[in-house]
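According to Swiss-Prot, the S-adenosyl-L-methionine binding site annotation covers GLY111, LEU131, GLY132, ASP133, PHE134, VAL135, LEU136.
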Amino acid sequence: MRFDILTLFPEFFETPLRIGLVGKALQQGIAEVHCTNPRDFATDKHRRVDDEPYGGGVGMVLKPEPFFAAVASLPRLDPCEIILLTPQGQPLNQALLQELAQKAQLILLCGQYEGFDERIRQYLATREVSLGDFVLTGGEIPALALINGVVRLLPGTVGKVDSLKSESFQAGLLDYPQYTRPAEFQGHKVPPVLLSGDHQAIARWRLQQQLVRTWQRRPDLLAKRPLTAEEQQLLAEGLAEQHPGVNDVEK
């Protein structure tokens, strides 16, 4: 898979893309990342990529010409998405990462200043993506988050594929609690079921923990995911164990 990042600060990506699973994936050729500076495509002697907004206002707006020219210079793979990283975009979530991981190429447009000329949004980008309901100084951090989230889904990046299936958001639920040695630490013990060797009981406990944790922390996720009768029962039992007297779950 090929990532092309259009950024005024290509040096921002040098270290993060060399470390961890993403760094290994790039070394192994599972994915490749290329940075292009739109300033290299500015045509005036000062290599300006921004200008004052028409109609007045504070700040500077990124000009369309350098970004259109930079994108036109890139090799294209199919299917490709040209993604504008902006707070106005579609929220980045696991479902979107899974969709983007099916593409052959992602071109990421990183903004600065007051944002992009609207013609970049309308006639160049094919999608807008947001990291959340907050504003950063630029699109570089969202670009890194998107690359990290997509690359780890590519075949060969994560050693155990099953670990991807059970983690948070993959089934519309948060992940279950994880424990390792020692079995007791400062008086806090690992749940006995995890030491029992009963794989069916462990799977049931883990699903119950996912349901309870999601209900407590992200009820919005459960609103989007119909529960089976078994899951409703597991959730009710799990909540009753934590909060005696709770024996009904709103369906």
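Cβ atoms here come from the backbone N, Cα and C positions, even for glycine.
Shown on the structure are the features that Swiss-Prot records.
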| residue | record | DSSP (3 states) |
| --- | --- | --- |
| GLY111 | S-adenosyl-L-methionine binding site | coil |
| LEU131 | S-adenosyl-L-methionine binding site | coil |
| LEU136 | S-adenosyl-L-methionine binding site | coil |
For this session: Identify, in sequence order, the residues in the chain of GLY111 (S-adenosyl-L-methionine binding site) that are 6 or more apart from it along the sequence and have a CB within less than 8 Å of its CB; answer 'none' if there are none.
Result: LEU62, LEU84, LEU85, THR86, GLY138, GLY139
Seminar exercise, completed: So LEU131 (S-adenosyl-L-methionine binding site), by the Cβ count within 10 Å over all chains shown, scores 20
Exercise. Hey, of the binding-site residues listed (VAL135, LEU136), which one tops the CB count within 10 A?
Worked result: LEU136
Exercise. What is the one among the binding-site residues GLY132, PHE134 whose Cβ has the most other Cβ atoms less than or equal to 10 Å away?
Worked result: GLY132
Problem set entry | Neighbourhood of ASP133 (S-adenosyl-L-methionine binding site) by C-beta distance under 8 A, where only residues 6 or more apart in the same chain count | PRO87
